[in-house]
Amino acid sequence: MTSSFTHLDQLEAESIHIFREVAASFQRPVMLYSIGKDSSVLLHLLRKAFYPARPPMPLLHVDTTWKFREMIAFRDEVAAAGDVEVLVHINQDGVRQGISPLTHGAAVHTDVMKTVALKQALDKYAFDAAMGGARRDEEKSRAKERVFSFRNAQHRWDPKRQRPELWNVYNTHIHKGESVRVFPMSNWTEMDVWHYIRRENIPVVPLYFARERPVVERDGALIMVDDDRFILREGEKVQMRMVRFRTLGCYPLTGAVESTASTLDAIIDEMAQSRSSERQGRVIDHDPSASMERKKQEGYF
Amino acid sequence: MSQGNTSARSSLRFITCGSVDDGKSTLLGRLLYDAGMLADDQLETLTKESRRQHPDSDVLDFSLLTDGLDAERQQGITIDVAYRYFHSARRNFVVADCPGHEQYTRNMATGASRADLAVVLVDARKGLLTQTRRHTYICALLGIRKIVLAVNKMDLVDYRHEIYQRIETAYRDLADPLGIRSVHALPVAALTGDNVGARSGRMPWYDGPSLLELLESIEVEPAQATDFRMPVQWVNRPNQDFRGYAGTICSGRIKAGDEVMIQPGAHKARVARIVTADGDLPQAHAGQAVTLTLDRQVDASRGDVLTDAARPAAEADQFAAHLLWMGDEPLLPNRGYWLKLGTRTVNARITQIKHKVDVNTQAKLAAHRLALNEVGYCNLDLDHPIAFEPYATNHELGGFILIDRQSNATVACGMLDFALHRASNVHWQHLDVDKLSRARNKGQVPRCIWFTGLSGAGKSTIANLLERRLCALGYHTYLLDGDNLRHGLNRDLGFTPEARVENVRRVAEVANLMVDAGLIVIACVISPFRSEREFARNLFDEGEFLEVFVDTPLEECERRDPKGLYRRARAGEISNFTGIDSPYEAPLQPQVHLRTDRMQLEAAVDELMAHLLPSSSD
C-alpha cells in the first residue's frame, strides 16, 4: 500500500464503499441526518461516494422540536444547497401531547420524539435501509453492532442473533417490511472525525466552537438556555460562560463543556488532552448502564 | 490521551481469541488502560461496575469494558465481537474481541475476516485447550498468517520459565502445519499488567518486547495479489455524457490509459479517467474507492470485475472451497443458495462435501451435511461463471458468503481454493430447432405442472385423471411420478433430507428437458422443501411452471394409507417419513390449491383444466 494512503484515506474509502453498496442493493435508502458533526461527515462522504452524480438518497431529520436553534438554521442551509432532498419528520402525536424533556423527563421525551418518531418516518416513507453516523467507539453496545444491522418489521434489533458479517461482503437481502440500519462510520473514532473535518474543511454547527453562551448549572451539567421555553428551577441562575458542545442533541438534555477552543485546531488540541468521553454530556445516556442497548432494541438509532 | 495525529500513524487490525476464562477481555481492557485510552468517566463507571459485580474486591474488572451486552455481563461470557479503537504514538489499532464459545464461532469468524493478526491467549495453568486449537484453525482458515501467543496468568504459576516454554513449543507444533508463518510468543499477566503495556521485571528470562510494543512494531504483510482488480459496485450515470464504474480497487494499481478487461467475458477497453470528488487522479491503487470511465461503450454492470487486460482473472462456475457453516439449519448438498462474492450475487449449490474438518483436531471426516459451526471442503456449482482468485492470494475475489434463499440469513462463509475445470470444457452446443418450434409442431404451449403434497394426499390419482383428460383432447403429455422414478433414475437415492433435495433436483431437470421438447409435463413428487420447489420453478420460463398443492390433512392421509407406509412409519419401521419424522413445508402461494378433503376428484381436475386451458370453457 502506498505510504501516502493514510488512515483517514482508508476510513474514507471504506465508508464510500458502504454507501455505494447500499445504493446498489436497496430500493429506498435514506440517510439519517442529525445535524451533528458525525452527520456533517456522513453527508460529505455521501456526496463523495456518488460524485459526479447527485446523492441517490434523501436525508431524513427526525426533529424533536427541542434542537438548538443554530442546529435548525444549519439544517436549513444544507437543504438550501439543493443537491440533496432533506425530509423533516416530527411526531405530531407527541406535539399534541405536549411532550417535553423539561416536564416529561429525558427518557419519555427521547422515546416519543426520537425513537417512535423515527419508526413513524421509516414506515411512512417505506425506507428499507437507513444510514446513520453512529460509531463503534461511542458506546459499548454500539461496539458490538454490525455495519449492516438487521431490523425486523417492528424495527427491533436482536443483539444475540446478529448476522455474521465477513470481510466487506454485506448481506443485503431482506424480506418486505424488514430493514437494515447501516453505519458507514462504524470504524471511525471521535478524533478521526475531527481530523477529517479539518482536512476536508467540512462545515459544522458553530455550537462546537467555544463562545460566551447563557447556561445554567443543573444536575452537574451546564445546560444552555436556548429559548424561552426553558423553565428555571428554584435557585438556578442564567450566567454567561465560555462553553462549547462536544455532542449535539436536544438542548435541555445536552451538557456544554467549559472551553476556550474556538477553532478546529484548538478543539483537536483540547481533545488530545481531554480525560472524559464523548457522551458524558448526554443526559439520556445516564440511565442504567445498559440503556443504549435497550433503546436500540426498541428501534432507537 | 496522547496527541492524535492520526494521519502519520500506520494501522493494525487484530483480534483477540482464546478459551473461556483465559482472561481475554481482561487483557484487552488492560491494554486500553495501559495505552492511556480510558477516559476519567469511563474509569469511574468501570470502578463502580467492578464493585457491583465483585463486592469483595478492589481490583478493576477490565473485562467489563469490552463485554457490552446485558446478557454478556450477566453470564460473564462474550457472545459477539466487540470492536475497540486505540492508538499509540506509532499506530492506530482496531481490535476485535472475539467470543470463545464454540456456539459463537460464526461471530469469531466475523472478527477474524478483517484482521491482519491474532492475539491468542493461553492460560499458563491449563496449556493448550480444545478451544485454542479451534481458534487457531479458524484463524488459519480465514487467512491470518501472523499470531501473537500470549501465555497469560504467569503470576499464578510463579512466573516459571519451563511452563512457558512447554506451551510455546506445543503451540508452534500446532500452528506450523496450519500454514501460520509467524508466531511471536510472550509471557503476560493481564490482571497485574506484566508485559502488557510495559515490560515486566518479574520474568528476567524473557527479554523481548511487551505486548503493546510488539503490536506497535510487528510488520503487516502487504497483500500478495498485485494484478489490477476492481469489482464494479455501482454504475454512475448522472447524465447521457457520463458513464462511470464505481468500485473499490481490491488489488494492484491502475492509471489512465491502461487497458482493462470486463469479466466475466473478454471485452476490453482503456481507462479514460479516474474520477473522484477531489478531482481526477493520474493513478489509483488497492484500497481506494474510485470511479473509472472507459474510452468506449462496453456492457459492464454491478458484479462484473474490471481487470488488467494483460493479466485477467480466471473464470469458472465450479469450484473447490472451504465452507464454514454458520446457519442454524444444516447445509444440504444440492440445495440452492445465493452466493455473494465481491459485488456479484449468483445462485450456487454444493454438489459434494468432500470431507468435513474436525475443527478441534483438524481430522478429515466423511460427511453428508454440515451443521452449525462445522467446516467442510466442498465442490460448488454456480449458475453463472464468475471472475475469481484463490482466497489465499486475494481475499476480496476469493472470499464469499452464502445466503439462505428463504430466510435471507447468512448461512456460510467460504474461501475459494481452485476452479474445477469441467464446466469450461463442456460448452453449450447450439441447436437450430428450439422449444418454440417443437411446441408449435405439437400445437400446444409446453408446461410443467408440479404436484406437491404429503404421501397419500392424492397427487398421483389426480395427476393420472388430468393426463387422461389432456390426452383425450389431443395434447402431448408425460407424467413423471416420484415413486416410479425411484425404480430407475433415482434408485440410488434414499429419503434423508439431502437425498430428497437431489431427488427433486433430478425430477425438475428431467421435467425441464421434456418441456424443452414441447411436452406438457406433470410431475408428482412429495417435494417437501420450499427451497427445492423454488429451484424447480426457477428452471422454467415465466408462466411455464404451475405449482399445485394437493392439500390433504395428515390424519386423512394416514387414514387412507394406500401403501401402508404410515402404519410402518408409526411403527418405526421406516424413518425420514414426511409428516411423521420429516417436515413438510407447505407452499405459501401455490397457483392451485386443492383441498381434497372438501372437493370431488372431478372438480379438482376441472379446476386444473381451467388453469391450463382458460379459453376452453367458452
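Just so you know, glycine gets a Cβ as well, placed from its N, Cα and C.
Caution: TrEMBL annotation is automatic and unverified by curators.
Features reported for this protein in TrEMBL:
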ACT_SITE  B:Ser527  active site, phosphoserine intermediate
BINDING   B:18-25, B:97-101, B:152-155  GTP binding site
BINDING   B:Gly453, B:Leu454, B:Ser455, B:Gly456, B:Ala457, B:Gly458, B:Lys459, B:Ser460  ATP binding site
DOMAIN    B:9-223  domain 'Tr-type G'
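Recorded features from TrEMBL, shown on the structure.
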residue: B:Gly18; record: GTP binding site; Cβ contacts under 8 Å, 6 or more apart: B:Lys24, B:Gly100, B:Val120, B:Leu121, B:Val122, B:Asp123, B:Gln131, B:Thr132, B:His135, B:Asn152
residue: B:Cys98; record: GTP binding site; Cβ contacts under 8 Å, 6 or more apart: B:Ile15, B:Thr16, B:Cys17, B:Lys24, B:Thr78, B:Val81, B:Asn107, B:Met108, B:Gly111, B:Ala112, B:His135
residue: B:Met154; record: GTP binding site; Cβ contacts under 8 Å, 6 or more apart: B:Ala124, B:Tyr164, B:Pro187, B:Val188, B:Ala189, B:Asp194, B:Arg202, B:Met203
residue: B:Gly453; record: ATP binding site; Cβ contacts under 8 Å, 6 or more apart: B:Lys459, B:Ile526, B:Phe549, B:Val550, B:Asp551, B:Thr552
residue: B:Ser455; record: ATP binding site; Cβ contacts under 8 Å, 6 or more apart: B:Ile526, B:Cys557, B:Lys563, B:Leu565, B:Tyr566, B:Phe577, B:Thr578, B:Gly579
residue: B:Ala457; record: ATP binding site; Cβ contacts under 8 Å, 6 or more apart: B:Val550, B:Asp551, B:Thr552, B:Cys557, B:Thr596
residue: B:Gly458; record: ATP binding site; Cβ contacts under 8 Å, 6 or more apart: B:Val550, B:Thr552, B:Leu594, B:Thr596, B:Leu601
residue: B:Ser460; record: ATP binding site; Cβ contacts under 8 Å, 6 or more apart: B:Asp481, B:Asp483, B:Cys524
residue: B:Ser527; record: active site, phosphoserine intermediate; Cβ contacts under 8 Å, 6 or more apart: B:Trp450, B:Thr452, B:Gly482, B:Arg500, B:Val504, B:Val507, B:Arg533, B:Ala536
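For the recorded ATP site, residues B:Gly453, B:Leu454, B:Ser455, B:Gly456, B:Ala457, B:Gly458, B:Lys459, B:Ser460 set the reference point as the centre of their Cβ atoms, and the other residues of that chain within 8 Å of it by Cβ are B:Ile526, B:Val550, B:Thr552, B:Cys557. It is 50 Å from the Cα atom of B:Asp21 (GTP binding site) to that of B:Leu454 (ATP binding site). On a Cα basis, B:His101 (GTP binding site) lies 45 Å away from B:Gly456 (ATP binding site). Look at B:Met154 (GTP binding site): DSSP puts it in a helix. Cα of B:Leu454 (ATP binding site) to Cα of B:His101 (GTP binding site): a span of 40 Å. Note on the domain 'Tr-type G' (B:9-223): its mean pLDDT in the predicted model is 87. There are 27 other CB atoms within 10 A of the CB of B:Lys24 (GTP binding site), with all protein chains counted.
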